[in-house]
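Reviewing the structure listed below.
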Amino acid sequence: MAIADMAIADDHPPPAASTSDSNDTTIKPDNDVEAKDVLSDAPDAPAADHPPDAPKVPSFQRGPRFWAIIATLCVIGLLSSLENTVVTTSLPAIAALLDLGENYIWVTNVFFLTSAAVQPLFGQLANLFGRRWVTLAIIALFALGSGLAGGARNAATLIAGRAVQGMGSGGINMIVDIIVSDLVPLRERGNYMSMVLSVYFVGLALGPYVGGALVQHGASWRWVFYINLPVCGAAMLMILLFLKVKPGRASSSDGDDAVGDTHADHADRMWLLHRLGRIDYLGNLLLIASTVAVLYALTYGGTRLPWSSAQIVGPLVAGLVGLALFMLYEASATLWPAFPLAPREAVVPPRLFANRTSATIFAVTFINAALLYWLFFFLPVYFQAVLGSSPTRSGVQLLPAIVIGVPAAIAAVLLLTRYGRYKPLHLFGFGVNTVGLGLLTLLDQDSSTAAWVLFQVVVAAGSGFVLNTLLPGCQAPLSEADQAAATAAWSFMRSFGSVWGVAIPAAIFSNYFDRLAARPVAQGGISDPAVAAQFRNGRSYEAATAATIQAIPEPVRSEVVGVYVAALKYVWRFSIILGGVSFFLVFFEKQVKMRTELETEYGLDDGKDKKNEKAKKADVELADVAKNGVLDG
């Protein structure tokens, strides 16, 4: 949020948004939607907690520079999504080559952990320092992490590289959505987000294939990560050339635009310290530390350590309490105005959750992300361990998801743009998705190709319908001035859901595999104790390769495959519960009228009146510094 916006927010609450009957899910053109108070179901927040509306711009520019920016966003989004799933098929081989053992899960989880944890911080930095330079820093982080992971010779270096790479990936996911929101009105936003997110979906689907193809050539697994480096360099050049958006009142203009007078120069000297003083340090620390603690418990609970262990219960409780404290701290400026440590600019403003539509969509976004990664990480286990597919073939076997998922996503945003109604799309998407997850429980070693293709198609169709329509629905009830903060919070929920979408099914799978393997053979267990020991304590995922399974002699091999089938059924059954919850939650959404005008201070910069804007910005900066102090608050 712009600093000057924060300074005057006390006197300018946003106007109420418009809604239709929350129970009406029939798709109708948006001009039929009646105006109602979107906050009618929640207590009115204090005026100080509401930002002012941004100026309205009747249209938006779609010239060559606009399309160059969209193309660049698609490219970096593709890189980010590839790295989300490229290890799903390559990880078993990488784990064996680097002897990762039980630490294999951190290669995926640390990526999602850091990706989720830093997104609110990056969103705040984008408001304080501008979109352009934050975007460049994010891409540089992603490239650095890719280089570290690709050059890893041991588990520690690989995990560290994935952690840095995850920070860059999380930043990419967040900044892409923010920039699209800056450039396109809400009603049409879905069309352009569909371009970026459809490419993102392509990356998710192609990742397993790319990873599988590379690991089949020995040491070339390193190109799973190195492949990002040249593309990151090209993307940074494109950002430098084309991403020049209006700074609003949040960021200083580029140094080469300086006016040169004493007044503006003094403001520039105060600029960095003033911005640093507005970062929500304590809030970010609480959020990151709590997320790490929760993930640690989810990763090792039931595998390396029993759930009753103090080493699991302690971090889990501490993490959940920390998240609760984080929410209280973010609301402290409103709840306790005299609290001396209250953030001047909360990284996740509580007003984002003040209406039930945005709050509901935050929740279903978390679930949808978890279910998406649930699918992409555990269908390859079925293909490789049960059907005996190679890593490359298992990647190909995931392609039905993209064949249907992308067209479904495009169809959904076309309907959203035409009718302006997102709730019916969410009901349809989550309903179909839940049915598809139920069908996956039918898969076993005798399932036909038609079966696993059809089941993927159903799940992908449901996911596609909500993929590009959740964020516009979340933004609709909120002021345009809150779009960056809302987008960062939404991206955090999506990434945090991804963490749970890997950790939870991994814990379910490992726990049930160990239980089932220990049963008598007549009840579906493994008769050879030595073979069963190879799969215990979380190693069943690492061992889920065709080469490992085929090396086991019959009849024990069939017993192992049977345990894999049974354990996977439990994984899919738990996913049905989450799918049903998400479908039920959609009924709490309200249908809010979607804006057709671009109401933002961050449009494409046409280069006019830069010196006047710089001088005006200098006046605002000096007035704010004089009033509040550089590091006040």
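The backbone N, Cα and C atoms fix where each Cβ goes, and this holds for glycine too.
Whatever TrEMBL says is automated annotation, not expert-curated.
Taken verbatim from TrEMBL:
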type	residues	note
COMPBIAS	27-39	compositional bias 'Basic and acidic residues'
DOMAIN	69-591	domain 'Major facilitator superfamily (MFS) profile'
REGION	1-56	region 'Disordered'
TRANSMEM	103-122	transmembrane segment
TRANSMEM	134-152	transmembrane segment
TRANSMEM	158-180	transmembrane segment
TRANSMEM	192-211	transmembrane segment
TRANSMEM	223-243	transmembrane segment
TRANSMEM	310-329	transmembrane segment
TRANSMEM	361-383	transmembrane segment
TRANSMEM	395-417	transmembrane segment
TRANSMEM	424-443	transmembrane segment
TRANSMEM	449-471	transmembrane segment
TRANSMEM	492-513	transmembrane segment
TRANSMEM	570-588	transmembrane segment
Contact check, the transmembrane segment (361-383) vs the transmembrane segment (449-471), 3+ Cβ pairs under 8 Å, seq sep 6+: yes
Among 103-122, 158-180, 223-243, 492-513, stretch most in contact with the transmembrane segment (192-211) (C-beta, under 8 angstroms): 158-180
Recorded stretches the transmembrane segment (570-588) and the transmembrane segment (424-443) touching, at least 3 CB pairs under 8 Å: yes
Integer mean pLDDT for the domain 'Major facilitator superfamily (MFS) profile' (69-591): 84
Remote residues contacting the transmembrane segment (395-417) - C-beta distance under 8 A, at least 6 residues beyond either end: 27, 89, 187-188, 190-191, 193-194, 197-198, 201-202, 204-213, 375-376, 379-380, 383, 387, 389, 425, 429, 452-453, 456-457, 459-469, 472
Beyond the flanks of the transmembrane segment (424-443) by at least 6 residues, Cβ under 8 Å: 25-27, 364, 368, 371, 379, 382, 386, 412, 415-416, 451-452, 454-466, 469-470, 473, 565, 568-569, 572-573, 575-576, 579-580, 582-583, 586-587, 589
